[in-house]
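Taking it in order: structure first as structure tokens, then the write-up.
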Amino acid sequence: MLTERVSKYIKKQGLVSAGDEILLAVSGGPDSVCMLYIMHKLSREMGFSLRLAHLNHGLRAEESDRDAAYVTELASALGLPLCQQKVSVKAYQAEHHLSLEEAAREMRYAFLCRTAAEFGSAAVAVGHTLDDNIETVMLHLVRGSGTRGLQGLRPVLNRTIAGAGCLRVIRPLLCLGRAETQVYCREAGLLPRQDITNLSTEPLRNRIRLEVLPLLKTINPAFEETILRTAFIAGEEMALLDEVTSQMKAELVIRQDDVLMIEKIEMQRLHPALKRNLLRQMMEELLGGLKDIEARHIENIVQTMDKPAGRRIDLPYKLVFQVDYEHYLLGWGIDELCPYPPCQGEYRLGVGTETFLDGWVVKTEILPSPIGLDLSESSLVAYLDMDKAGTDLIVRTRAEGDQFQPLGMEDAKSLKEFMIDNKIPRNWRARVPLLISSKEILWLVGYRIGESAKVDENTRRVLRVEFRLLG
């Protein structure tokens, strides 16, 4: 019996607790009407209460109004409270430049979220079935998806709705097929509404349901079971990955206003799968969801991680990812954050000592041989030819007319030009420390050493210089 199957599924998935009020999203179609009557019966057995919600999208003129009237009749017949609203999806679509399907979904979930918040509902129940799950997996495959998309619809979804809040969505009918809900309604003498737009092959989801799936079942009659099994396995794997990632995020990610920060060394240690998932969770925290965030955005961030400090990329919703000296930054207002403390005046460095500057400690030491040195140890460590660099060392920031001959270049260029070419943010440039000899710039700290003091096969002594941030 369907009611017993749904009851077992609800208990297994922990969808409802005694004392909860559940807001049922009822469109008037077979799936939502079946859900309404099954949940109404179970509410008495399991000790939860119900409230109905119906959004009239205004897309089918009088038919939409008849849908609303039918839901009103159902609520009255069962003695359940009903919240209704009529909206213009097409006006919203034009204003926000969305597809009709996207506009309807956004308005529907915003309405459900506001209604649930107004009445203190524990969750919103929607009537998605096994067939919806199969169609969703296929839709993700067609559009391009990783493992996350293969998991399809989940029994529980915590969804953040822009401008409306957070919504807990449950799907108690994911254990039933669409044909079963139709039979239930017929045997119960119910006459649910039929949406003729579901017969159109214009929307991609409809085309998959009406054309692609029937064809695939001629190739493999058990195709639907195969898809559902794949979705289950993908869901189990993603649940584990999300749990591990959440723990890492709590340990590694720091939030400062609208900017999330993580140490570069910690991020670089992570497996690529964890790295990508952590980025998704960071973006989800900032944006309240992952709408318009695609795999290519995540990959662009991953590729940018190997770039020098100051490199940045722009993301949807004016979100910015930027490489810092010791951190990766993701958020808004990053331009106002500078990793360099102010460095006023000039500081003379000793050799073989530690020197404390404004916000920095600089350690210098002489090494006997360049053999075996890791010259790419850190962007805040430089190895120089001691005899070429000399001992008359000064640290200061840029000055008007500074010239710099970067490693690998035959001629010097203006320091300003080098900073622009290397995409050093404008608000950083006046704070970047320079290591200066009596004649020239030896090192633009964090970026490039100069050509004149590079370590080569003739080097006898190596000067190691390390900058460390204080605090």
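Heads up, the Cβ atoms here are built off N, Cα and C, so glycines get one too.
Annotated in Swiss-Prot:
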- Ser27, Gly28, Gly29, Pro30, Asp31, Ser32: ATP binding site (BINDING)
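All protein chains considered, the CB of Ser27 (ATP binding site) has 22 other CB atoms within 10 Å.
Other than Ser27, Gly28, Gly29, Pro30, Asp31, Ser32, the residues of this chain whose Cβ falls within 8 Å of the Cβ centroid of the ATP site are, in sequence order, Val26, Val33, Cys34, Met35, Gly127, Pro192, Arg193. Taking Cβ-Cβ distances under 8 Å and a sequence gap of 6 or more within the same chain, the neighbours of Ser32 (ATP binding site) are Leu24, Ala25, Val26, Val126, Gly127, Pro192. Under the DSSP three-state reduction, Gly29 (ATP binding site) is assigned to coil, being neither helix nor strand.
The binding-site residues listed here are Gly29, Pro30; among them, Pro30 has the most other Cβ atoms within 10 Å of its own Cβ. Over all protein chains present, the Cβ of Gly28 (ATP binding site) has 23 other Cβ atoms lying within 10 Å.
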